[in-house]
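Sequence annotations record features per position, and here TrEMBL assigns active site, nucleophile to A:CYS86. Here TrEMBL flags A:HIS194, A:GLU196 as active site.
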Amino acid sequence: MKFAVPVFPGSNCDHDMVNALRDILKADADLVPATTTDLTAYDAVILPGGFSYGDYLRSGAIARFAPVMTAVQAFAATGKPVMGICNGFQILTEAGLLPGALQANRSAQFICETSDLIVRNVETQFTSDYAAEAHLQLPIAHGEGNYYCDEATLAELRANHQIVFEYVDNPNGSVANIAGIINRQGNVLGMMPHPERAVEAILGSTDGLGIFKSLLARHEEATHA
Amino acid sequence: MYLAKVYVTYKESILDPKGEAVHDALHRLGYTNVDSVELGKYFEIKLIAGKQPVEAEVDEMCDRLLANVNMESYRYEITEMEA
């Protein structure tokens, strides 16, 4: 399975992501520049965390118009998996690939801590490796992670089981304790916590592995079916 | 040449923790008469008329980039600058 990890000016979790995929998951992974216009050679795209384009204007607002995002839109439209972590999630909402928006944390503070999460939907290609309602310990590190959507969107997210991760103790003011959501088609996931920083015991948690294992298992199934 | 002054602010339903922090700081300075502070963004855009009317183009810029209409609203004033 071949992963593409787009690198925007200001991305800073790109190498962590690629290390997790290559060294721990033994998958193929390439860092691809934000100027990339073709992702057809890849099986999955992961938009990494960081502060793309300095978070100028709004988090993700400038990255959303980088050339690689046109390729990501086309890639997502084919049904292949796309995932955005932290700033990657912000970019996906700005791009309209996921509903809602990420606004400033309620406390107005940057939060860097381990968060306790519940997996609310294990019927996705990103979470099938987890037990239903599993609790995960994943790091969060963000100033704008406060998920917002209007009532109608929230009702839709709930009706279609699109809320994938919830915080146990809401750290940032997110609507309905939302930490991660998936699109209706089930191939685009965005989450504020960092699973790529929780893949080895020495990092304090291996709870992030399940996401990448789920993707690898789904790909294995699809290619050997 | 036209000058577009664009103001972007949070919708009423959206928390504005930065505005609240400024509000609290003003109170600490003794301006206890300050009722509320809204912290937004201000843009000055100079442009020449393109294919579409300037107003329509500025509106489109706001929708596509300058504001996130999920949580922000915008208004603008456009004036023609003297050559």
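Placement of Cβ uses the backbone N, Cα and C atoms for every residue, glycine included.
Within the same chain, residues at least 6 positions away in sequence whose Cβ sits under 8 Å from that of the residue listed as 'active site, nucleophile' are A:CYS13, A:PRO48, A:GLY49, A:GLY50, A:ILE140, A:ALA141, A:HIS142, A:GLY145, A:MET191, A:MET192, A:PRO193, A:HIS194.
Close to A:GLU196 (active site) in the fold, though at least 6 residues off in sequence, lie A:CYS13, A:ASP16, A:MET17, A:ASN19, A:ALA20, A:PRO48, A:ILE85, A:GLY208, each with a CB less than 8 Å from its CB.
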